[in-house]
Amino acid sequence: MKTPFGKTPGQRSRADAGHAGVSANMMKKRTSHKKHRTSVGPSKPVSQPRRNIVGCRIQHGWREGNGPVTQWKGTVLDQVPVNPSLYLIKYDGFDCVYGLELNKDERVSALEVLPDRVATSRISDAHLADTMIGKAVEHMFETEDGSKDEWRGMVLARAPVMNTWFYITYEKDPVLYMYQLLDDYKEGDLRIMPDSNDSPPAEREPGEVVDSLVGKQVEYAKEDGSKRTGMVIHQVEAKPSVYFIKFDDDFHIYVYDLVKTS
């Protein structure tokens, strides 16, 4: 299976997902997305103390099969409580959030924690930031010919660590993305849809236990009859029926409404 490493944003293989792929020209044309990756040799590995690396900048080598080693830099967003080996990472120049077992995956080499800190910024409009969480949106992307293409999706949450970024997913491509949506809103590239007729979630009493699928193993039947397995790793607070799933054969984080009825 093709991996996201070494691919440009939006060119990730979706053959095993059962969904149409996102073409590269649908991604935001920002300078960070125009970086070119070159093959490099592994850097000197650091010692193995298992420090908490959430919030840290990292770099590591990646080698798929007999291919060359490529170097990757990114920010560690989270360590998954139900699978502490699994980290969520935002790589520089890429829009997807990736899930990797950094200390176990044999394709990862020379993992280093970098000295540079993640810059923190003040949210320019806290009320707007809170308002868009859990909302359906229309997000405009610039295509190669300069025209606009509209993607409907849902804003899921403020991203951890990178505090001016938001988690979002799309109907056309239900994986976890990150964008600075306040900027897009102010530029006219993001529109919050009117509230639907869906009833709001019921208020819960303090201390009330709510059933959750987090930590459960899941099985997904593909169109060709084969199956893929994975784990539910997160429940979206703003939409409790929506969950993040990490499949065993993929690095992307999938976003599904697991309680939706037809």
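Note: Cβ is positioned from N, Cα and C throughout, glycine not excepted.
Lifted from Swiss-Prot, the feature list:
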type     : residues : note
REGION   : 1-49     : region 'Disordered'
CROSSLNK : K7       : SUMO2 cross-link
CROSSLNK : K28      : SUMO2 cross-link
CROSSLNK : K44      : SUMO2 cross-link
REGION   : 132-193  : region 'Tudor-like domain 2'
SITE     : D173     : site 'Histone H3K4me3 and H3R8me2a binding'
SITE     : Q180     : site 'Histone H3K4me3 and H3R8me2a binding'
SITE     : D184     : site 'Histone H3K4me3 and H3R8me2a binding'
REGION   : 213-262  : region 'Tudor-like domain 3'
Rounded to the nearest Å - Cα separation of D173 (site 'Histone H3K4me3 and H3R8me2a binding') and D184 (site 'Histone H3K4me3 and H3R8me2a binding'): 19
Recorded sites compared (D173, D184) - the one with the fewest other Cβ atoms within 10 Å: D184
Secondary structure at D184 (site 'Histone H3K4me3 and H3R8me2a binding'), reduced by DSSP to three states: helix
Number of helical, extended and coil residues in the region 'Tudor-like domain 2' (132-193), per DSSP: 7 helix, 30 strand, 25 coil
